[in-house]
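Quick look at what TrEMBL annotates:
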| type | residues | note |
| --- | --- | --- |
| COMPBIAS | 309-318 | compositional bias 'Acidic residues' |
| COMPBIAS | 327-338 | compositional bias 'Low complexity' |
| COMPBIAS | 346-357 | compositional bias 'Polar residues' |
| REGION | 296-357 | region 'Disordered' |
| TRANSMEM | 21-41 | transmembrane segment |
| TRANSMEM | 61-86 | transmembrane segment |
| TRANSMEM | 98-119 | transmembrane segment |
| TRANSMEM | 131-151 | transmembrane segment |
| TRANSMEM | 163-184 | transmembrane segment |
| TRANSMEM | 190-207 | transmembrane segment |
Amino acid sequence: MASGLLVNARLASVNFIRETSLTAKLGCVLLSLFYALSYVFDTLKPLAITPGFLIPPNFWIWTIFTYQFIEVKFFVVLTNFLVLIYSSQVLEPAWGMIGFLSFFGIVTVLSGFLSGFFYLSCYMVTRSLGFLFEVSIHGMAGYTAGVLVALKQCRGDQMIVGSVGLFMKHLPIVNILLVVLLRIAGLITGSYVVLVCFGTLVAWVYLRFYQGHSRGRGDAAENFSFKSFFPKPLDAPMGIIAGIVYNILLKVKLCRKTSYRYDVGAPSKITISLSGVDALDAERRRNKAIKALDERLQKAEQQQNDSSEWPEMEDDTTNTEPRSVEDSVSTSSGSSRSDIVRIEVETSSPSDENPSP
């Protein structure tokens, strides 16, 4: 019995390792290596970000590229394993290896740099040396927050807990609120909260404005706007703040208007460029409208088939005008069933709801 369980566990482990991507395996190896080194020497000082060491005369810039793999708690290392493996399984098939590695590098490097800059700014305001040399920024909290933003983008409507109405799109703000509460309770450090906030922000900016794909750059959908991260009552103020920040980024040329390209192959290839509009959102609406129109056409055709089976015992006084109209249409030259369906749709009652584009 015990040997059978061991064999099954071994087979499951082998299959799991085979299905894990190369990038996730490499990340797990680096996490394991640096965790093992933490038993040999203190890895936090030379490999984690210490804000005071980022500036001259030390200028330990390499810590921005190593801090995400530094962790001294075994449970957190296991959590990082799961985050890496899950994110690679979900995001890498959609983005490709290069896209996935770009996302990982941009989110981790920029969130670490901005966190260090935040503490340098705190020192400039307070003149407290604690912000320079007593803060250690390390771990994959920023990347984990970025993954939640990516899940909001690609799987936002997926339900997690139906009883409380928790969807995937709510995870970024829930994560921020959770780490704030843990910080108030004294269970985590302040650098962890800062890293989560900057990881969320960097991931959203990258996916919103810069990530390249076949239709251009970024995702201008309304359900991925900055205000969509917050509860409905905060939509208006957050929308104003996001608009101001966006206009500032445009003026300093750190951001540009999103552009999408569409290729239409019939009857000839036409390229349509859309700039500054919610192109992805419009495409979703068009698909929804096409589906709704399909259903209406099928319903109209079914009604037409039902009406063709006229009752034999019909009373002579029954108004036969609808049948005569149908017969006249069906016997006219060049007409077909699709013509009848088209007449049914075009003469539908005004109460029918037109699909939005």
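The backbone N, Cα and C atoms fix where each Cβ goes, glycine too.
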Report summary line: When counting C-beta pairs under 8 angstroms to the transmembrane segment (190-207), the leading stretch of 61-86, 131-151, 163-184 is 131-151
Report task. Sort out the residues at least 6 away from either end of the transmembrane segment (98-119), same chain, that have Cβ-Cβ distances under 8 Å to it, and list them. Result -> 23, 27, 49, 51, 54, 63-65, 67-68, 87-88, 91-92, 131-132, 135, 137, 140, 142-143, 145-146, 150, 191, 194-195, 198-199, 201-203, 206-207, 211
